[in-house]
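Since the structure comes first, as structure tokens, the remarks are kept for the end.
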Amino acid sequence: MFVDQITLELRAGKGGNGVVAWRKEKYLPKGGPYGGNGGNGGSVIIEATTSVYSFEAYRNIRFLKAPDGQSGATNNRTGRSGKDLIVSVPTGTLLRDAETGEILHDFTVDGERLLVSQGGKGGKGNTFFKTSVNRAPTKATPGKPGEIRQVELELKLIADIGLVGFPNAGKSTLFNTLAHTEVKVGAYPFTTLAPSLGLVLCKDRLYQKPWIIADIPGIIEGAHQNKGLGLDFLRHIERTLLLLFVIDVSKRERNSPEEDLETLIHELHSHQPDFEKKDMLVALNKIDDLLPDEQEECLQSFQKRFPSYTFVLISGLTGEGVDGLYRFFTQRLAV
């Protein structure tokens, strides 16, 4: 299950108690204080990693707790400190304080770490309180409690290419073709209920690092107002470097394909006004349903209505025209 939002309580460990103890040796009946300090409690640290893709591991968890520090011991022995708890989250995670809404950190780099809940300090044993005046202190202090923090985690996928389109525009079929993987395909709305990630290999430069492609669930009119799957998935376009609009141009009895693109542009602009700063390409999909002269007429219609956009005629089903996508990706993404 793809989980991209979660609330957790992160509890650091309590510090161990200091102890009162006395040095006891045969020839030192009054050997003085010998109680050790308590160990520090473990802290809770969040770490970003590219090896996990969602918060599924924490789906049924309300809180995570680091170990407590151990109490001190005789012979001036300090208690063992609690081990820090490392919470692994996907790169692209936005961390907020659940109580204030304050953004604490934006994890965009693999290996980034942030200490979120500090472990409690260990208490002091009576040896710590020995002075020239008080040579036999009977005082020891308890360990301090660890910090407890309620946080919200929100994932915004980091991908090179994001497939954007209405339900049943053929995004999943095209995704399977480009990423050489399989996601569920069907002729009904919202076949894709969660973003799918795949890798696209550059055909002309096989030594190059693959591109990450994301199949964003179908957008409907009013998505920016949280209709359909709405805002839950619109946010996944925010960090995508290149947007690939997928438009169904097959013969059908509904809105014109041009109106579909107009609506998609409106929805994305309403959610992220500066989205057009990204590289964009429009794939006119399902041309296997059109005759050659109809394909050319379709292309000219789009070019006339949207002169600032780049278009490619393709069939995700047959693979026709897909090489044009690879060429565009190479021009815009290859380094």
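Glycine is no exception: its Cβ is also placed from the backbone N, Cα and C atoms.
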Subject >> Annotated stretch (region 'Disordered', per Swiss-Prot) among the listed ranges 26-45, 106-125, 126-145 >> reply: 126-145
Subject >> Intrachain neighbours beyond the region 'Disordered' (126-145), with Cβ under 8 angstroms and 6 or more residues off its ends >> reply: 14-21, 30, 32-38, 41, 68-69, 71-72, 76, 120
**OP:** Pull the DSSP breakdown for the region 'Disordered' (126-145) and write it out as helix, strand, coil residue counts.
**Re:** 4 helix, 0 strand, 16 coil
Original post:
Which Cβ among the binding-site residues (Asn168, Ser172, Ser315) has the fewest C-beta neighbours inside 10 Å?
Top reply: Asn168
Original post:
Hey, how far is Pro217 (GTP binding site) from Ser172 (Mg(2+) binding site), Cα to Cα, in Å?
Top reply: 9
**OP:** Give the residue from the binding-site residues Lys171, Lys286 that has the most other Cβ atoms within 10 Å of its Cβ, counting over every protein chain displayed.
**Re:** Lys171
Original post:
Taking all residues of the domain 'OBG-type G' (159-334) together, what is their mean pLDDT?
Top reply: 79
